[in-house]
Amino acid sequence: MTDIHVTVPKEKWAPVDRGAQDAEFIAAPSLTYWQDVRQRMWRNKPAMASLAFIILLILAAIFGPMLTHHTYYDQDLKLSNIPPIFEVYKTEPTDASAQYMFLNSGNFKLYEVAENGEILGLVRAKRKDLMKKQHIYVFGDAEVRVDYSQLPATLVDGDGNAIESIGYRWNQTNWFGTDSLGRDVLVRQLYGARISLTVAFVAAMVNFFIGVFYGGIAGYFGGNVDNVMMRIVEIIATIPLTLYVILMMVVFQSGFLSIIIAIGSVFWVDMARIVRGQMLSLKNQDYVAAAKTMGASTKRILTRHLLPNTMGPILVTLTLLIPSAIFIESFMSFIGLGVSVPMASWGTLTAEAVETLRAYPHQLFFPAAAISLTMFAFNFLGDGLRDALDPRLRK
Amino acid sequence: MDKQPHMRDDEVLMRVRDLKKHFQVSAGFFGQNPKFLKAVDGVDLDIRRGETLGLVGESGCGKSTLARTLIRLYSPTDGVIEFNGADLAKLKEKDLAPHRRDIQMIFQDPYASLNGRMNVRDLIAEPLEIAGIGDDKSRTARVHELLEVVGLNKDHANRFPHEFSGGQRQRIGIARAIALNPQLVICDEAISALDVSIQAQVVNMLEDLQKELGLTYLFITHDLSMVKHISDRIGVMYLGKLVEIAPNNALYDDPKHPYTRALLASIPIADPVEARKDNQDQMQGEIPSPIDMPSGCRFRTRCPLATDLCAAEEPELKELADNHKVACHYAE
Ligand SMILES: Nc1ncnc2c1ncn2[C@@H]1O[C@H](COP(=O)(O)OP(=O)(O)OP(=O)(O)O)[C@@H](O)[C@H]1O
Ligand code: SF4
Ligand SMILES: [Mg+2]
C-alpha cells in the first residue's frame with residue numbers, strides 16, 4: 001500500500017463509550033415472538049371484542065340448546081309468528097281479575113300474557129263481526145275488540161274507544177319470538193350457529209391441511225412439480241361452487257355433508273396459493289441460505305425457518321376463510337341447496353324469514369344479524385392477527 | 001501452484017479450476033433449445049490460507065453466484081473446487097456435511113439473513129446445534145462469548161433481530177459465521193448495506209477477527225476503495241470470468257487489463273490533479289447479456305483496444321508478473 005502519513009493530534013483519539021452504543025436500543029422488555037404477538041393482540045380492542053364474541057357464540061351454540069325446553073323442531077301453530085317484543089294491554093273486568101294481552105298485528109290474533117311478558121296462550125274470539133271487521137273478545141263483563149277495519153289493527157273497548165297500552169314487554173317465553181310454525185327462534189338460531197360454525201370450521205381445517213401441505217410442496221420444490229401442481233389448482237378453482245354443490249347433493253343426498261365436502265374441496269386452493277407464494281419467496285431468503293451453509297437438513301429448514309415464517313399468513317388466511325365459508329354455506333342454504341328441514345342453518349333461517357318478510361319483517365333481523373356479526377368478528381380478528389403477527393409493526 | 005515461495009502464506013486453502021455455473025433460463029415448450037445464462041463461466045482461482053482475497057466487478061458479473069457455488073448453495077455445472085483434500089464440486093449433499101463448518105458466509109443484507117422468528121441466542125447457536133456441538137448450556141455460554149467477541153454483550157442474547165440496528169445485526173451474522181471456527185469466510189457485500197461510519201467499524205472488526213482466529217476471507221464488493229483497504233490480493237471479474245488477479249498494490253499501481261483500468265478510472269477522485277487524464281480508459285457501451293456472450297474476449301464490445309484477434313480468440317489468464325495474472329492478448 002502507498003504510505004500515506006496523516007497526522008491526527010493525539011487528544012482527538014478516545015475510546016468509544018460502550019454506553020453510547022447501547023443507547024441505540026429501544027428499552028423494550030425482551031419477549032419471545034408469541035408473547036409479543038399476544039401482547040399486541042391484547043391491545044387491539046376490536047379484535048379482542050371479536051374474539052370474545054366468537055367464543056361466546058361458540059359456547060352458546062354448544063350449551064344454549066341444552067338449557068331450554070324448546071327444541072328446534074317442536075311446532076306450536078297456535079303460537080306462530082310471535083314477536084320478541086310486544087305492546088301489552090290491560091283490561092279490568094269488575095267481576096274477574098285483570099287480564100293482560102297483546103295483539104299480534106300481523107294475524108289479528110289476541111294472546112293472553114302475564115304482566116311480565118310471559119305468554120299464556122291464544123284467546124278465542126267470542127264473535128267475529130265481519131261487516132265491521134272486528135273480532136270481539138269477552139273477559140268477564142269487559143269486552144275487547146280487535147278492530148282491523150283500518151291497518152294496523154288496533155284494540156278498542158266495547159264502546160269503540162282505543163285501549164291504552166301499559167307499555168312494551170320482552171317476550172319471556174320465546175326471547176327471540178317464534179317463526180311461522182311456532183318454533184322458538186332463539187333455539188333455531190343456536191342450532192343454525194352449530195351448523196354454520198361446523199361447516200366453517202371443518203372447511204377451515206380441510207383448507208389448512210390440504211392447503212398447507214399442497215402449497216408447501218409446490219412452493220418448496222418449485223420447478224416442474226410446482227408447474228403441474230398449480231395447473232391442477234387452477235382447474236379446481238374454475239369449477240363454479242354452486243354447480244359443485246349440486247353435484248355433491250346428487251351423490252351424498254345430505255345437504256349438510258355435500259356443503260362441507262364442496263367447500264372443503266374447493267376452498268383450499270386459496271390457502272395452497274398463499275402458502276406456495278410464501279414458500280417461493282421465503283426459500284430464497286438469505287437466512288435459508290445461511291441455514292443451508294450450516295448443513296441444516298430439509299426438515300430443519302422447513303420446520304425451523306420456513307413454516308414459522310409462513311404461520312402468520314396461514315393463520316390470517318384461515319381466519320379470513322371462515323367468514324367466507326359461513327357466507328357460502330348461508331347462501332347455498334338460502335337458495336335451497338343447503339341443509340334440509342327441520343335442520344336449520346343461518347341460511348335456511350334467512351330464507352324462511354324472507355317468506356314472511358311483509359307481515360313480520362322482524363324475523364329477518366336475527367339470522368341476518370348473526371351472519372353479519374359473525375363475519376364482522378372473524379374479519380376483525382383476522383385483521384388483528386395480521387397486524388399482531390407482523391414484527392415490523394411492533395412499537 | 002504459484003512458483004514464488006517467498007510469501008509465507010502461499011499455502012492454497014481452496015483451489016478453484018474452470019468452475020462453471022450456468023442457469024437454464026428458458027426452454028422450448030417440450031424442453032428443446034434450452035438457453036443458459038453463464039453466470040460463472042470458467043473461473044480459476046487460488047485462495048491462500050490466511051489471506052484476504054478481494055473480488056470486484058460490475059453488478060451482474062457473477063460474484064455472488066461464484067460465492068454461492070464455492071459454498072455449495074448452488075451445485076456447479078462443471079469444474080473443480082479443491083478444499084481440504086476433497087473436491088467440493090463433486091460431493092453429494094450428505095458428503096458435504098463435514099466441510100460445511102469450514103466454509104461460512106456473511107451475507108449482504110443483515111435484515112434478510114437473520115430469521116426474525118429466532119432470538120439472537122438461537123440464531124448464533126444454530127450452527128453449533130446442527131454440528132452437534134455441546135449441550136444447550138455450553139452452547140449458550142459459547143453464544144455469550146461470541147457476542148462479546150463481535151462487540152455486543154450477552155444481555156442481547158434474548159432479543160430478536162428486529163430490535164437491532166443494521167450494523168448490530170451484521171455483527172450477529174458475523175458471530176454466527178465464526179461460531180464453528182471456520183477456515184474460510186466468504187463476505188458477499190457484507191458491508192455494502194451499512195452506513196459508511198459503521199462500515200469502517202465492521203471492517204476493523206473483521207480484520208481483528210482474522211488475526212485472532214486465522215481466518216481466510218473472500219471479500220466480495222463493488223466498493224473499490226474498501227477492497228483496497230482490506231485485501232491482500234484482488235481479483236477482477238467480468239461476465240463470469242476472472243480477468244485479472246494481482247496483489248493489492250500491483251493492481252492499483254499497475255492495472256494491466258483494460259477493464260481493470262476502466263474500473264479504477266471510474267472511482268471518483270477527490271483531488272482533481274490526481275484525476276486520470278487518459279480518457280482512453282473509459283468503457284464504452286453497456287455490459288453484454290450473459291446469455292449471448294460475445295465471441296473471443298468477452299470484454300471486446302467495450303474495450304478501447306479491441307482488435308480482430310480479440311474477436312477470434314479468447315485470451316487466457318496468464319501470469320505476466322510476480323503473482324499478477326491477466327487475461328488479455330495485449331497486456332504486458
Ligand atoms: N438463481 C438464478 N437463476 C438465474 N439467473 C441467475 C440466478 N442467480 C443469478 N443469476 C444471474 O446471474 C448473473 C450474475 O448474478 P450475480 O448475482 O452472481 O451477480 P453479482 O456480480 O453478484 O452482482 P451484484 O453486484 O449485483 O450482486 C446475473 O445476470 C443474474 O441475473
Ligand atoms: S483481449 Fe482484446 S478485447 Fe479483450 S481486453 Fe484485451 S485488448 Fe481488450
Ligand atoms: Mg451479488
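The backbone N, Cα and C atoms fix where each Cβ goes, and this holds for glycine too.
TrEMBL: automatically predicted annotations, no manual curation.
The transmembrane segment feature in TrEMBL is assigned to A:47-68 (among others).
Summarising the annotation, TrEMBL assigns domain 'ABC transmembrane type-1' to A:193-382.
Outside the transmembrane segment (A:197-221) by six or more residues, the chain places 57-58, 61, 229-230, 233, 256, 259-260, 263-265, 267-280, 283, 302, 306-307, 310, 314, 317-318, 321-323, 325-326, 329, 345 with a CB less than 8 A from a CB of the stretch. According to TrEMBL, the feature transmembrane segment maps to A:197-221 (among others).
Taken from TrEMBL, the feature transmembrane segment covers A:241-269 (among others).
Taken from TrEMBL, the feature transmembrane segment applies to A:314-344 (among others).
Remote same-chain residues near the transmembrane segment (A:364-385) are listed as 41, 44, 46-51, 53-54, 57, 176, 185, 189, 192-193, 196, 312, 315-316, 319-320, 322-323, 326-327, 330, 346-347, 349-350, 353-354, 357 (criterion: CB distance under 8 Å, separation of at least six residues from the stretch ends). According to TrEMBL, the transmembrane segment annotation covers A:364-385 (among others).
Panel annotation: around the transmembrane segment (A:241-269), residues 195, 198-199, 202-203, 206-207, 210-211, 214, 233, 321, 324-325, 328-329, 332-333, 337-340, 343 of the same chain, lying at least six beyond its termini, place a Cβ under 8 Å from a Cβ of the stretch.
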